[in-house]
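> The following feature annotations were taken from TrEMBL:
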TRANSMEM  A:32-56  transmembrane segment
TRANSMEM  A:85-103  transmembrane segment
TRANSMEM  A:115-133  transmembrane segment
TRANSMEM  A:139-157  transmembrane segment
TRANSMEM  A:169-189  transmembrane segment
TRANSMEM  A:215-237  transmembrane segment
TRANSMEM  A:258-286  transmembrane segment
TRANSMEM  A:326-345  transmembrane segment
Amino acid sequence: MAALLDSLPAVSDADVERVRAGRRRRSRRRTVALVVLSVLAVALFAAMLMLGNTIYPVSDVLAVLRGEDVSGASFAVGTLRLPRALTAVLAGAAFGVAGSTFQTMLRNPLASPDVIGITSGASAAAVLSIVVLKWSGTATMGLSLAVGILTALVIYLAARGGDSTGGRLILIGIGVGAMLDSVVAYLLLKAAVWDLAVATRWMTGSLNGSRMEDILPLAIAVVVLVPIVLFLARDLGALELGDSWATALGVRVDRTRVLLVVAAVALACVATATTGPIAFVAFLAGPIAARIVGPGSSVVLPAALTGACLVLAADLLGQFAFDTKFPVGVITGILGAPYLIYLLVRTSRRGGSA
Amino acid sequence: MTATLATPRRAPAASAGARRRVVALVVAVVAVLLAVLLSLAFGSRPVTVDQVVEGITTWLRGETPTDIGAIAVQSRIPRTVVALLAGSALALSGALMQAITRNPLADPGILGVNTGAALAVVIGIAFFGLSSAAGYLVLALIGAFVTAFFVYFVGSVGPGGTTPIKLALAGAATTAALSSLVAAILLPRQAVMDEFRYWQVGNVGRADWGSLGVVLPVLVIGTIVALLCASALNALALGDDVAVGLGVHVGRIRVVAAVAGVGLCAAVTAIAGPIGFVGLMVPHAVRLVAGTDQRWLLPLSALGGAVLLTLADTIGRVIGSPGEVEAGIITAFLGAPVLIAIARRTRMKAL
């Protein structure tokens with residue numbers, strides 16, 4: 001051991017100082033990024049509350065939030081816009097955390113729950129429960145959650161064994177997702193209540209008609225599960241190095257992974273049961289967040305903020321940028337798919353097999 | 001040069017393989033006939049054998065039967081024919097795409113061809129007031145071609161060529177983008193939406209003789225071209241260099257076969273909507289039984305596809321009675337497990 005240490009090049013104070021400076025720089029960048037993302041999220045949230053058919057000034061919005069009765073604004077802001085904005089923030093954060101957790105754990109930016117069919121499962125369950133069986137909100141959440149976890153389990157079991165499980169898992173997930181999407185399409189076709197709002201919600205995700213009383217399960221899920229994922233984020237970083245490294249660093253690999261998968265799937269499923277599978281938010285939030293905060297730090301919190309910003313911004317675009325009001329999922333779908341293709345081309349160019 | 005390939009040494013194994021293929025052909029033909037009978041006999045109203053016979057004979061004479069069962073049988077004839085033709089076209093299309101890309105996962109559904117066709121049709125209905133079957137077909141063809149080549153291009157960038165994952169992901173991404181565009185075009189237009197909603201799910205029961213007549217030339221030409229390409233595709237399977245050495249125009253045969261493959265599935269999409277997984281499942285099943293010789297694989301796939309889609313439609317009518325479960329749903333349910341099996345068997349990087 002001593003011989004080994006002797007053979008290493010001497011570490012000078014200058015080297016130590018350089019490493020420390022680098023660490024400080026990265027930590028400063030992370031702090032700045034988190035602050036910027038938070039400010040952006042708050043600004044978008046405020047815009048959601050202020051904009052609409054009637055534009056209310058900040059003072060009115062604040063008055064409504066304090067619970068005062070402002071004529072007109074109380075209904076528009078308090079009953080219509082606030083639930084919508086809250087749903088956007090919570091769903092965005094849930095999708096963002098779920099996506100980045102999957103991506104980090106499976107070490108593949110393509111392995112997010114919306115690409116590999118888990119949100120399709122939750123969506124199919126939600127359609128079955130709401131449109132066909134006419135179940136209540138809580139039962140819908142339960143069924144979505146159960147089917148989402150079952151979907152994840154099926155994909156995992158089907159992909160197990162042999163080498164290169166990551167690629168196979170994605171492939172199988174796409175196939176299972178295609179099957180479940182056809183279930184959604186079928187249930188909507190048969191339900192005889194075909195209306196646009198319902199259909200787009202369960203196919204691409206939408207915030208239309210968000211109500212305060214529907215938010216509770218999602219809020220509970222985000223408040224309980226995001227801290228759990230944050231707590232496990234350190235282990236998640238170790239998992240990214242590979243199972244054997246993680247074990248060597250003292251991570252209980254299996255337990256950590258099961259906890260993380262359940263938390264991430266639950267977040268994705270509850271968000272899907274509330275807003276429908278908002279296309280590509282889970283897939284996009286992690287990579288964007290990673291690019292903003294830079295390498296070497298956990299992306300869980302930045303991904304949550306990025307997801308929230310994405311959903312808020314896309315919904316604002318969908319509501320106000322065009323003559324027709326488009327649901328949020330249509331916007332994220334059109335914006336997200338080119339990024340997926342770009343990512344695919346870039347990975348391929350480097351010679352990776354995605 | 002291809003003639004020497006066509007007549008391999010008469011090793012015992014080869015002749016056993018040949019016997020197996022002949023048996024497979026006979027079984028496939030019998031299965032097609034059985035599937036037709038089942039499709040005519042089963043549905044929301046069960047009928048007797050006599051009524052099936054009466055329905056067919058009166059139909060052949062161009063008469064309308066008086067018996068209600070026979071009338072039910074007659075009303076099932078168009079959808080049975082559409083299912084047969086659509087199934088064989090989809091399976092052929094899948095087999096061609098798998099041969100050209102040397103990729104086990106090439107399938108019109110996975111490559112996003114269906115969604116491309118759908119987007120083109122929606123654009124036609126929404127912006128050009130289109131409502132004729134011929135118009136749908138032309139647009140579906142254009143949309144299918146553009147999408148297929150785009151997805152194939154994206155999936156083949158990089159040193160590894162097309163790998164199953166790259167291709168599947170390119171298809172999934174393109175499908176997502178295109179369906180968002182479809183939604184964006186449809187949302188402000190409720191009337192178009194009503195017309196289009198049935199497009200979301202593939203179904204052979206909607207087509208009638210008129211629309212079938214429009215796409216029939218495409219189906220016939222596509223099938224003939226596909227079968228003529230068979231021996232060149234055999235050479236292609238040995239690798240581009242060997243194929244060139246064998247006197248095959250590699251580039252030309254790829255383009256011809258690709259056009260035939262995309263044309264076949266676009267024609268089906270134009271009359272029946274998106275039906276996935278037939279092109280994926282059937283060629284793989286046939287390959288297990290009859291080997292990889294394209295001269296057998298292609299015709300057997302066509303027969304197998306006809307059987308599969310006709311049965312899927314029949315099953316959908318029986319379990320969905322008194323309504324129906326669309327054939328596209330049934331094939332998706334049968335297809336996903338097959339996809340999983342293929343994904344488990346193949347090495348992901350290679351191929």
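Numbering starts at 1 and runs along the chain as it is shown here.
Glycine residues also receive a Cβ, built from the backbone N, Cα and C atoms like all the rest.
Unlike curated entries, TrEMBL annotations are predicted automatically.
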> Looking only at residues six or more beyond either end of the transmembrane segment (A:85-103), which have a C-beta under 8 A from one in the stretch?
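For the transmembrane segment (A:85-103), the sequence-distant neighbours (Cβ-Cβ under 8 Å, at least 6 residues beyond its ends) are 41, 45, 48-49, 109-114, 116, 207, 210, 212, 214-215, 218-219, 221-222, 225-226, 229, 236, 260-261, 263-265, 267-268, 270-271, 274-275, 278, 281-287, 289-290, 299-300, 303-312, 315, 328.
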> Go through the chain and flag residues at least 6 beyond the ends of the transmembrane segment (A:139-157) whose CB is under 8 A from any CB in it; none is fine as an answer.
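That would be 113, 116-126, 128-130, 169, 172-173, 176, 180, 217, 261-262, 265-266, 268-270, 272-273.
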> Counting only residues 6 or more past its boundaries, what in the same chain has a CB within less than 8 Å of a CB in the transmembrane segment (A:215-237)?
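That would be 83, 86-87, 90-91, 93-94, 97, 101, 104-105, 137-138, 141, 246, 251-252, 256, 259-260, 263-264, 266-267, 270-271, 273-274, 298, 300-301, 304.
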